[in-house]
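**Student:** Pasting a structure here, questions to come.
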Amino acid sequence: MAPPPASPADSAPDPRPIASAPVPITVPSLRDHTHHHLVDRRDTPRVRAWDWEPERNRRGGAMDGAAAAKLVSGEAGYVLEDVPHVSDYLPDLPTYPNPLQDNPAYSVVKQYFVNPDDTVCQKIVVHKDGPRGNHFRRAGPRQRVYFEPDEVHACIVTCGGLCPGLNTVIREIVCGLSDMYGVTKILGIQGGYRGFYARNTITLTPKSVNDIHKRGGTILGSSRGGHDTVKIVDSIQDRGINQVYVIGGDGTQRGAGVIFEEVRRRGLKVSVAGIPKTIDNDIPVIDKSFGFDTAVEEAQRAINAAHVEAVSAENGIGLVKLMGRHSGFIAHYATLASRDVDCCLIPESPFYLEGEGGLFRYIEKRLKDNGHMVIVVAEGAGQKLIAETMQSIGKDASGNELLLDVGLWLSQKINEYFKKNKMTINLKYIDPTYMIRAIPSNASDNVYCTLLAHSVVHGAMAGYTGFTIGQVNGRHCYIPFYRITEKQNRVSITDRMWARLLSSTNQPSFLCNKVVEEAKKEQERAAQLLDGSPSHRKG
């Protein structure tokens, strides 16, 4: 297997002109991995070709700025979707030894520095004769860094809604910069993006963030909207900030990408790095979002309460609404974990109320068979049904469409149906939405947040920029901004996980053949895109 060419963090910048389309290149064989982790491996010759091509936002229209795909092609259909580096536009920057080589805590680690040729494959299951597919640059500490600890002036900002683990990520970025690299100047930007020019900042130190991981929310505060690129970069430049860590969802990451483009246009030595955050787990490419495990675990408490209420009353129905605007992952996984749920409704799987195979008939059957029922519904489910009788209520400051309350609507419809059919029911509606997203992260998410934070720090110190950190197939890697903002991750209603849920709940699929066939075709199209080069994004 041929490795990718080296990144700018590991060798001198490439003086050749930028190509307009991906061109296959000859790459060297894997270098010897048996040396000690402090041996400098940068002297091995490599051949490199960077290919930049315009990137369009697949949600509609061209992206702001001059966003581009940085591609490296190799043998057997290998494509590395690399991330930008400060030396791409500042080619004469000096490098420095990584301070970790003198850190006694890491002296016991064998080959601690990441081999610059290491990449992570996006698609882990491939056919024997198929292309190797798309890869991302592996995250981790590099032997040479582009920032001296004394010159680093970092800032951290949190944007969008709350999510378990925000404070843990803040804490570990601060502690990672301080403990691993000796950085002392770290600012917290208060109140989201607008805090760059409209609010005060706070100084962050390991002591000040010592126990914040035990609290929910974010100590920096957050907000939606308020993004003014010029003002933000003016503030970054005026304050002498040279590392920007942005924690937020897809809209926030799009904003970070625009900030990076403005930084690059001005020729500033500033690394802009993102940590993707969404409680709905709808960020594509990555295995999962931080806070998701905690949300699923906390959702169990609401489902258990609904179950207790349902079994304690004649014809009891417990209805639980969980978060999930466009992706029903929390509802899906909470249902699988609970095993007390009789029906799970998510945005990806349309349902209907009346008639044979509809929700009302299913509820009747479950009540006659068991005497009680638990229903879990994601907040974005059934919006088309509701819209038939109610008007849209607009959008929030981030441009997200405000959803109508499917839980209250469904409660009313169920009560009306059984009242009309003269059947007594006892329905209890539980909405734990803001309780779930406001709690501290659990042990699993705390570990995950720590690894994400340390990985993003390593990337910024190595000079990478215009990237977000994420776990892909169990390995942390650096991902271009456009890959996590081009679409949303959705529950596949044609894979085994959804089949397991249907088997667990015994609910009808509510799907006609046409919907199933369309979902299968969409899955096939997505699989084909993963198999080949990302050059399909040219326009």
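Note: Cβ is positioned from N, Cα and C throughout, glycine not excepted.
TrEMBL entries are annotated by machine, without manual review.
Pasting the relevant annotations from TrEMBL:
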| type | residues | note |
| --- | --- | --- |
| REGION | 1-40 | region 'Disordered' |
| COMPBIAS | 8-22 | compositional bias 'Low complexity' |
| BINDING | Gly161, Arg224, Gly225, Gly249, Asp250, Gly251, Thr252 | ATP binding site |
| BINDING | Asp250 | Mg(2+) binding site |
| SITE | Gly251 | site 'Important for substrate specificity' |
| BINDING | Thr278, Ile279, Asp280, Met323, Gly324, Arg325, Glu379, Tyr434, Met435, Ile436, Arg437 | substrate binding site |
**Student:** To the nearest whole angstrom, what is the C-alpha distance linking Thr278 (substrate binding site) and Gly161 (ATP binding site)?
**Tutor:** 8
**Student:** Looking only at Gly161, Gly225, Gly251, Gly324, the binding-site residues on record, which one has the least crowded Cβ, with the fewest other Cβ atoms within 10 Å?
**Tutor:** Gly225
**Student:** Round to a whole number and give the Cα-to-Cα distance in Å for the pair Gly324 (substrate binding site) and Gly251 (ATP binding site).
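**Tutor:** A Cα-Cα distance of 16 Å.
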**Student:** Between C-alpha atoms, which of these binding-site residues comes nearest to Gly161 (ATP binding site): Asp280, Glu379, Met435, Arg437?
**Tutor:** Arg437
**Student:** So how many other Cβ atoms are close to Thr278 (substrate binding site), meaning within 10 Å of its Cβ?
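**Tutor:** That number is 28.
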**Student:** Let me make sure I understand the structure: which of the binding-site residues listed (Asp250, Met435, Arg437) has the fewest other Cβ atoms within 10 A of its Cβ?
**Tutor:** Met435
**Student:** Using CB atoms and a 10 A radius, I'd like the single residue among the binding-site residues Asp280, Glu379 with the highest neighbour count.
**Tutor:** Asp280
**Student:** Quick one: among the binding-site residues Arg224, Thr252, which has the most Cβ atoms sitting within 10 Å of its own Cβ?
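**Tutor:** When each Cβ's neighbours within 10 Å are tallied, Thr252 leads.
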**Student:** Between any two of Thr278, Ile279, Asp280, Met323, Gly324, Arg325, Glu379, Tyr434, Met435, Ile436, Arg437, the residues recorded as binding substrate, what is the biggest Cα to Cα distance in Å?
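**Tutor:** The two farthest binding residues have Cα atoms 17 Å apart.
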**Student:** If the ATP binders are Gly161, Arg224, Gly225, Gly249, Asp250, Gly251, Thr252 per the record, what's the largest distance between their Cα atoms, in Å?
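**Tutor:** Greatest Cα separation within the listed binding residues comes to 12 Å.
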**Student:** Could you measure between Gly251 (ATP binding site) and Asp280 (substrate binding site) for me? Cα positions, answer in whole angstrom.
**Tutor:** 14
